[in-house]
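**Student:** Per TrEMBL, the feature active site, nucleophile maps to Asp42. What TrEMBL lists as active site, proton donor is Asp44. Positions annotated as Mg(2+) binding site by TrEMBL: Asp42, Asp44, Asp215. Annotation source TrEMBL lists substrate binding site at Asp53, Asp134. The annotation compositional bias 'Low complexity' is assigned in TrEMBL to 20-30. Annotation comment: TrEMBL describes 1-30 as region 'Disordered'.
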Amino acid sequence: MNCFGSPPGEDVTPPRSRRSANNMAANSATPPSDRRFLIIFDFDETIVNESSDDVVVQAAPGQNLPAWLKDTYRPGHYNEYMQRVLAYMAEKGVPESAIRSVIEKIPASPGMLALFQFLRHRPPQDFEVVLVSDANTFFIESWLRRVGARQLFVKIFTNPATFDKDGRLVLRPFHSHSCLRCPENMCKQVILRDYVMRRTQERGRPFQRVFYVGDGANDFCPSLILGPRDTAFARRDYPMHRLITEIHEARPGEFKAVTVPWASGDDVVERLRKHAEEKL
């Protein structure tokens, strides 16, 4: 199933969100053009070992949500649901500091901080590091700054979220698209496709390899456009891994990228080190 979004080469962020998107995308500066590889990370249950949307409920009264609120969730409309959750928490007087505190305490996935250290200490021409997540700016920025990893990422694509004058964390969708596979507020395939095309134009050449590190069903969609020189790092036994396994079994040869299941960031480091030492 193909995903259709904005025309190739255009910013995937709609006009109403570009100001917020600039704030979240590494100060909107164009990354250096000499990087050999592009590596993309998901956030929830990839960089961090839990879902930040689930964890934020720990800041709610009684660390729980009322049944009437939970019952408003509709599949494919999670962003809308989280808007209601955050509005409810604001109505109950939950302060910014409480939300930040529970988010900052989310544990990193096994080996993920070691993977960040590996990337940080590679020669500067090796990796361009990007984050694509259906979480939000406040959660991601808070967590990355707490662990000292914010500067590793040249771009962050996620749903805009800022506190208004009344202390409410206002969440908005990242963009609109026509992909039937993905939630209505974000198709990561559209984001990845347009980013790679734009960066290829800016650089005057493609990346030697693209690496995608994820876990969920919405990480499977962007992995479908990876080529045979690229690698899909799918968290072992999570939805992305299961979907890739299913497509390999049902339609051999259709999924082009090399698949590397991971249980720890160490598994990713091992493969990245091998490619970084290649002479191409």
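Each Cβ is built from the backbone N, Cα and C atoms, and glycine gets one as well.
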**Student:** Within 10 Å of Asp134 (substrate binding site), Cα to Cα, which of the recorded positions Asp42, Asp44, Asp215 are there?
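**Tutor:** Among Asp42, Asp44, Asp215, the ones whose Cα sits within 10 Å of that of Asp134 (substrate binding site) are Asp42, Asp44.
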**Student:** Rounded to a whole number, how many Å is the Cα of Asp42 (active site, nucleophile) away from the Cα of Asp215 (Mg(2+) binding site)?
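**Tutor:** That comes out at 8 Å between the alpha carbons.
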**Student:** Using the centroid of the Cβ atoms of Asp42, Asp44, Asp215 as reference, list every other same-chain residue with Cβ within 8 Å of it (recorded Mg(2+) site), in sequence order.
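**Tutor:** Along the chain, the qualifying residues are Phe43, Glu45, Thr46, Ile47, Ser133, Gly214, Gly216, Asp219, Arg235.
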**Student:** So how many other Cβ atoms are close to Asp215 (Mg(2+) binding site), meaning within 10 Å of its Cβ?
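**Tutor:** Result for Asp215 (Mg(2+) binding site): 24 neighbouring Cβ atoms inside 10 Å.
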**Student:** Would you say which of the recorded positions Asp44, Asp53 has the most Cβ atoms within 10 Å of its own Cβ?
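**Tutor:** Highest number of other Cβ atoms within 10 Å: Asp44.
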